[in-house]
Amino acid sequence: MSLPGPLKDYRRVLFYTVLLLVLLSNLTMFYSVKSAKVSFYWAFYFSMLGVICDFHRLQRRHWWIIAPMVLLGISDLIWFGWIYIGNPDFDEFNAYLNTGKRLILAAVIGYYLLSVMPKYHQISRTVIKVALILTFIIASGVGIYQDLYMTGRVDFFLGRATNAAYDYSILSAALIFLLVYENVNRRTMLCSLVIFAVSYYIIFQTGTRNVMATYPLLIIFVGIVKLRHLGFKPLIFILLSIGVVTTLSYQHVIKPKFETTINEFKRYEATNGNEHGSLTSRLAMWSIGKSLIHDHPLGNSLEERWRYAQDYVKRNNADESALRFVNVHLHNEVIEVASLMGVQGALVLLFFYFSLLGYAYYTRNPPLFAIMMGIIVCGLTDVLFASREQTIMLSLLIISVVVWHNDRLPGTHRK
């Protein structure tokens with residue numbers, strides 16, 4: 001009895017199984033975190049099987065994707081091992097231990113997909129495009145449902161509206177530039193503008209000030225840098241969309257957030273950061289974090305950082321509002337990493353940022369460029385790679401758009 005045609009080529013089946021699990025993980029992240037994690041782990045297991053059964057050397061240029069991811073994961077694990085192995089404060093649920101492991105698992109998935117992908121690339125492009133469109137539609141549907149029928153901020157059932165805003169904005173930006181870059185015509189331009197308008201409205205319903213302010217600027221910046229040849233019509237439509245969304249959201253979102261921001265700046269100055277507020281606490285955390293990095297540039301444990309923060313507040317009678325959050329993170333990716341893993345850890349993080357950003361620029365990959373700019377901008381006021389869910393989604397999204405874009409290289413395709 002002969003096997004069906006597709007099963008004869010187990011390598012092809014294995015590749016598409018991993019790719020579909022990667023895309024399924026990102027899709028389900030917006031309504032079922034558990035399903036997203038399960039898909040991620042199965043993608044890793046099948047990737048390991050693929051590396052063993054169908055090993056290929058990775059092309060040199062793709063190491064600029066995989067190596068920074070591995071280094072960032074190893075940096076987290078080295079810090080945790082150095083500080084906590086043999087320490088009574090050892091915690092197997094430490095955020096950076098788990099994040100480091102997931103980055104390395106994602107790198108294995110990326111290695112497998114990118115090493116064998118040239119054989120299956122044309123169909124993969126279509127699969128990835130359709131999956132990302134479907135992910136956006138489902139995520140937007142969940143967001144609109146929460147906005148219409150549930151109280152509070154839209155959070156896609158993640159439990160944290162800020163994290164939801166980061167994930168959703170980065171996904172939306174990547175999809176916009178994927179569509180526009182792949183085929184420039186009226187239909188794709190219209191679809192991209194609809195995606196922008198819908199996503200910007202939902203971002204406003206998350207109430208996340210960073211993303212509300214920077215999302216349109218990110219779209220405009222990436223468009224100017226990577227898609228200058230499209231002219232000014234898209235920019236005009238984006239500005240019109242911003243105007244419409246701003247008008248619809250001004251009274252119940254923008255005005256209250258703006259007034260709160262101004263009041264919190266004034267409160268921070270008046271109370272030396274001792275009175276709690278979303279922005280005042282962030283300013284206080286950054287102040288303590290910078291002082292800690294200056295005094296202890298080689299890194300600290302979480303417990304040492306906590307004791308330093310307590311001493312700092314007593315010594316300076318300032319920034320007490322930071323103490324509620326210091327044991328979580330410092331709400332700035334670079335300051336957070338440098339305060340724990342030292343300057344050397346911050347350099348690894350910056351290498352991750354700019355190597356992938358440089359790769360995206362050199363290979364003319366607007367979706368990847370948008371993802372990395374989004375990660376950097378969101379990292380200015382929060383910490384993305386302390387969250388297991390965001391680590392999974394962002395790393396898999398990066399891998400997906402690299403697989404999608406692979407054959408469009410300088411000198412061989414459009415400029």
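Numbering starts at 1 and runs along the chain as it is shown here.
Cβ from N, Cα, C; glycine included.
These numbers come from a predicted model, not from an experiment.
Here is what TrEMBL records for this protein:
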- 12-33: transmembrane segment (TRANSMEM)
- 39-56: transmembrane segment (TRANSMEM)
- 63-83: transmembrane segment (TRANSMEM)
- 95-114: transmembrane segment (TRANSMEM)
- 126-145: transmembrane segment (TRANSMEM)
- 165-181: transmembrane segment (TRANSMEM)
- 188-204: transmembrane segment (TRANSMEM)
- 196-350: domain 'O-antigen ligase-related' (DOMAIN)
- 210-227: transmembrane segment (TRANSMEM)
- 234-253: transmembrane segment (TRANSMEM)
- 337-361: transmembrane segment (TRANSMEM)
- 368-386: transmembrane segment (TRANSMEM)
Can at least 3 Cβ pairs under 8 A be found between the transmembrane segment (368-386) and the transmembrane segment (39-56), with each pair 6 or more apart in sequence?
-> no
Stretch-level contact, the transmembrane segment (39-56) and the transmembrane segment (63-83), CB cutoff 8 A, at least 3 pairs | no
CB contact flag for the transmembrane segment (165-181) and the transmembrane segment (210-227), at least three pairs under 8 A | yes
Same-chain residues near the transmembrane segment (126-145), Cβ under 8 Å, at least 6 residues beyond its ends | 16, 19-20, 23-24, 26-27, 30-31, 154, 156-157, 168, 171-172, 174-175, 178-179, 182, 195, 198-199, 202, 205-206, 400-401, 403-404
Per the Cβ under 8 Å criterion, with at least 6 residues separating them from its ends, the transmembrane segment (63-83) contacts 94, 96-97, 99-104, 106-107, 110-111, 114, 299, 301, 340-341, 344-345, 348-349, 351-352, 355-356, 358-359, 385, 395, 398-399, 402
